Amino acid sequence: MAQTARIAVLGPGSWGTALGLLLCRNGHEVRLWGHDPQEIAALKRDRENRRLLPGHLFPDSLHPTDDLDEALADASDCLIVVPSQVFRAVARRLAGHLPPGWGIAWATKGLDAVSGQLLHTVAQEELGERPLAVVSGPTFASEVAHGLPTALTVAANRPEFAARIAALLHGPSLRAYTSSDLVGVEIGGAAKNVLAIAAGIADGLGFGANARAALITRGLAELIRIGTALGGRPETFMGLAGLGDLVLTCTDDQSRNRRLGLALARGQSLEAARTAIGQEIEGVITAQSIRQLAARLGVEMPISEQVYRVLYEGISPLAATRSLLEREPKAEFD
């Protein structure tokens, strides 16, 4: 376990709150920042995140704040945990507050909503050259908050920074591995959200275990194709941030993306399903970005393409499934 540190966690959602609780259990002090004064006031009053992660009382070492300067004051590290569509805005807001060379880590899974860029590219554009790290892997917020055994990956552009962030997170209930493959870890965490929607659709239509296993396996092939085309290493996609996260989100109803697919298969509209789930569903936005990336790179991603068509072109989940099954036979491995 690392020496006691003061850490700014930016984003008081379920995942940001869970990571804040984990860091406090590891002996660190956390400032949990959010931009909404009313939300932060509720966290201070209740000493828990009753709306998004109820039942986990804040220790004395976790301090909610809506003042970014206060969150960063005397901090040794900063972890961004916000939805991908606001990642750039938060990074831009940070730019005037960070000394040169100060490292930034994030646990956001997704791509830039406008440009489709990987988030390390966004961070470089907004914050300049500095140590950068992404935290990803098969992690549900509630299980991390409960202290259940978990493993994840920290990928960074500098090995010493990956080791630093991993040491902060590593503890009795969490094992953190390091990697130098920022691209592979980022694309694995983003693209699996789209595939989890597909898994939810398949299960919602009652297609059974055979179909789920096939979808996960062929979905992994899509991850590897798009990831290696972007420069990621193939072995990354067989690890925690690839196969591990894919299996988790495709098979457990704690996944919001999977629950969205289930709802769509059962006849709910996209808007109604999103409202019922009540939290950000990264796969909805990522489906657009992944489609654009695949087209630009000439990468075939038939499962992800059909998810896009269900979300944005109005075809039915059953019709999308038929389109996949009617594809011409081909070799499993190119």
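Any Cβ shown, glycine's included, is placed from N, Cα and C.
Unlike curated records, TrEMBL annotations are generated automatically.
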Looking at TrEMBL, which one out of E70, E222, E235, E282 binds NADPH in the same site as S14, W15, H35, K109, A141, R256? E282
Running the recorded positions G16, K192, N257 through a 10 angstrom C-alpha radius around D245 (sn-glycerol 3-phosphate binding site) leaves K192
CB neighbours within 10 A of G16 (NAD(+) binding site), counting all protein chains shown, number 26
Between C-alpha atoms, which of these binding-site residues comes nearest to K192 (active site, proton acceptor): G16, G137, A141? G137
Taking the Cβ of S255 (sn-glycerol 3-phosphate binding site) as the centre, how many other Cβ atoms fall within a 10 Å radius? 24
Using a 10 Å radius around each Cβ and counting other Cβ atoms from all shown chains, which of the recorded positions K109, K192, R256 yields the largest count? K192
Output, ordered by sequence, the same-chain residues six or more apart from N257 (substrate binding site) with a CB under 8 Å from its CB, or 'none'. N193, V194, A196, I197, G200, T249, I281, E282, G283
